[in-house]
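Engineer: The structure is given below, and queries will be raised subsequently.
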Amino acid sequence: MDTIEKKSVATIRTLSIDAIEKANSGHPGMPMGAAPMAYTLWTKFMNVSPANPGWFNRDRFVLSAGHGSALLYSMLHLSGFDLSIEDLKGFRQWGSKTPGHPEFGHTAGVDATTGPLGQGIAMAVGMAIAERHLAETYNRDSFNVVDHYTYSICGDGDLMEGISSEAASLAGHLQLGRLIVLYDSNDISLDGDLDRSFSENVKQRFEAMNWEVLYVEDGNNIEELTAAIEKARQNEKKPTLIEVKTTIGFGSPNRAGTSGVHGAPLGKEESKLTKEAYAWTYEEDFYVPSEVYEHFAVAVKESGEKKEQEWNAQFAKYKEVYPELAEQLELAIKGELPKDWDQEVPVYEKGSSLASRASSGEVLNGLAKKIPFFVGGSADLAGSNKTTIKNAGDFTAVDYSGKNFWFGVREFAMGAALNGMALHGGLRVFGGTFFVFSDYLRPAIRLAALMGLPVTYVFTHDSIAVGEDGPTHEPVEQLASLRAMPNLSLIRPADGNETAAAWKLAVQSTDHPTALVLTRQNLPTIDQTSEEALAGVEKGAYVVSKSKNETPDALLIASGSEVGLAIEAQAELAKENIDVSVVSMPSMDRFEKQSDEYKNEVLPADVKKRLAIEMGSSFGWGKYTGLEGDVLGIDRFGASAPGETIINEYGFSVPNVVNRVKALINK
């Protein structure tokens with residue numbers, strides 16, 4: 001290690017120490033141990049443009065070990081991103097650009113929100129998938145307009161999480177050679193020595209999953225690190241894991257190599273002793289020697305800007321030779337849709353009857369005909385979820401151009417990979433599974449919502465109507481649970497036209513994910529136009545079948561498959577001179593964003609007798625039914641029997657709805 005390298009690594013370490021000390025909060029051990037690998041990667045290999053952090057063909061970097069955020073912030077500052085010393089001093093403070101864990105969209109240069117361990121690796125896999133698909137789709141002859149690498153730094157905790165195995169298995173199967181993961185192997189976890197809980201042979205595990213595994217014995221050896229990354233970059237047929245042996249809290253005389261340095265500041269005295277161990281002679285905290293700034297300016301900033309300029313020149317020529325492809329790619333990068341994107345979306349007529357999963361399959365195929373960068377897949381349930389794009393090919397290790405992704409029985413990895421694909425940009429992505437298994441990918445949905453990613457989830461088999469498979473496969477609490485998640489839009493459509501509307505809203509999203517909750521059983525098409533359905537779904541709730549009188553005797557509020565039931569019950573109640581209005585409420589979150597005036601139009605304040613009908617938990621419906629209303633829901637688990645039998649046994653029948661309304665009115 002030469003003098004400038006040594007000084008640069010020491011600067012990264014001391015900046016991280018100082019930020020954590022000032023905040024009196026954070027994780028110094030990982031940045032202190034992993035600083036040399038981050039330095040080597042960023043100054044010798046990473047192509048990034050600090051002045052334009054969103055440059056499309058930049059290398060992607062995911063700090064899967066997100067608790068080491070001080071390391072990333074130090075790298076971003078030194079590299080010339082919009083992150084000042086004052087920002088580093090604001091580490092973990094209210095309103096700062098340097099939150100405790102990296103947040104996408106909050107800090108320039110952060111490519112993914114990380115912190116929940118394991119998900120960063122899986123998002124990096126998604127980014128590598130996106131790079132390969134876009135490269136295969138748009139690269140032509142000598143024009144490699146998409147050809148970057150995806151890098152990640154992870155720790156022991158990441159590799160203990162199950163999602164890392166799911167994602168690594170998928171990456172190896174797909175031969176994602178441009179994915180390189182540096183493993184900060186320091187033999188320490190938060191609770192103590194790693195051998196208390198983790199003793200497997202990581203090398204053999206990853207080799208069994210078709211990864212190349214390299215080993216760096218000394219994590220402080222820049223030459224050794226450089227050679228390993230160079231070798232990894234040469235392997236186009238396998239992703240690479242580079243195990244780098246490090247010492248957590250390197251340089252700390254009393255805490256290096258212990259769990260005590262993982263998640264607590266060093267303290268004033270230990271910080272002083274540690275800096276002395278680095279031969280750091282500067283008294284001032286947050287000090288950066290001018291020669292270190294100059295070194296990073298050349299190695300990262302100027303190098304990256306040159307690469308971006310070369311890419312811009314190449315893309316300008318590409319536009320001349322392949323104008324249509326270039327226009328398409330530019331549209332995809334901007335996240336915009338083609339002008340006629342919804343022209344092939346089907347319209348459903350009264351009299352037809354189709355499961356919403358089936359109409360969803362038709363709609364997504366209509367969208368795929370007009371949106372060339374619309375891609376997705378399923379966690380081994382494509383036939384049931386109806387997520388296959390016809391005549392679009394499969395994304396495989398031998399053909400990355402296919403638009404159908406086979407995630408296998410890896411729901412969590414699918415969710416996180418979709419996040420990575422969305423973060424990468426250039427694609428509109430969706431993924432499907434049974435609604436009950438949304439719990440398997442919930443942490444990835446949460447990160448999608450937190451990052452504001454327009455991912456679409458196709459959740460089918462949405463209720464006890466699943467039938468014979470029984471309570472393990474019948475969702476009950478999932479609707480209420482996902483509705484509680486901020487910035488996730490959940491839509492449960494009542495028929496084909498509402499399903500088409502839901503998809504239209506989902507693909508137009510730019511700042512939130514959407515969960516489509518769809519039936520296995522057929523649903524009758526409601527007597528309204530597709531335009532009326534779109535207008536209603538867009539507002540989250542609307543009167544789908546009016547009462548005869550201006551003020552009804554009662555309101556029936558339902559979602560999904562229960563809207564048809566409510567309309568049937570309305571007709572029966574009319575025979576007994578009970579006049580009710582039926583409200584379809586496919587999306588509570590959308591309805592909550594409407595004006596008070598509109599809400600009162602749909603749910604008149606003077607109509608107190610209200611019955612909500614939904615084959616799921618009653619939790620949350622009280623807000624709309626009020627103290628004088630009632631909920632026909634399910635607050636126990638399902639059962640194994642034919643679907644119609646269970647539906648009737650649980651009270652979702654016209655006679656029971658009629659009786660419940662009568663009971664309300666007679667209260």
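Using the three backbone atoms N, Cα and C, a Cβ is placed for every residue, glycine included.
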Engineer: Which of His262, His512 does Swiss-Prot put in the same thiamine diphosphate site as His67, Gly115, Pro116, Leu117, Gly157, Asn186, Phe437?
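Structural biologist: According to Swiss-Prot, the candidate sharing the thiamine diphosphate site with His67, Gly115, Pro116, Leu117, Gly157, Asn186, Phe437 is His262.
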Engineer: What does Swiss-Prot list, out of Asp469, Asp527, as binding the same substrate as His27, His262, Arg357, Ser384, His461, Arg520?
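Structural biologist: As annotated by Swiss-Prot, His27, His262, Arg357, Ser384, His461, Arg520 share the substrate site with Asp469, chosen from Asp469, Asp527.
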Engineer: Asn186, Ile188 show up in Swiss-Prot as binding Mg(2+); which entry in Asp156, Asp218 does that record put in the same site?
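Structural biologist: Swiss-Prot lists Asn186, Ile188 binding Mg(2+), and from Asp156, Asp218 it also lists Asp156.
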Engineer: What other residues of this chain sit with their CB within 8 A of the center of the CB atoms of Asp156, Asn186, Ile188, the recorded Mg(2+) site?
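Structural biologist: So the additional residues around the site are Gly155, Asp184, Ser185, Asp187, Ser189, Leu194, Thr246, Ile248.
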Engineer: Same chain only, sequence gap of 6 or more: which residues have a CB within under 8 Å of the CB of Arg520 (substrate binding site)?
Structural biologist: Ala355, Arg357, Ser384, Thr460, His461, Asp462, Ala465, Val466, Gly643
Engineer: Let me check the 10 A CB neighbour count of Asp469 (substrate binding site). How many other CB atoms are there?
Structural biologist: 15
Engineer: Rounded to the nearest angstrom, how far is the Cα of His67 (thiamine diphosphate binding site) from the Cα of Ile188 (Mg(2+) binding site)?
Structural biologist: 14
Engineer: Name the secondary structure element type, per DSSP in three states, that contains Gly115 (thiamine diphosphate binding site).
Structural biologist: coil
Engineer: What's the CA-CA gap between Asn186 (thiamine diphosphate binding site) and His262 (substrate binding site) in angstrom, rounded?
Structural biologist: 11
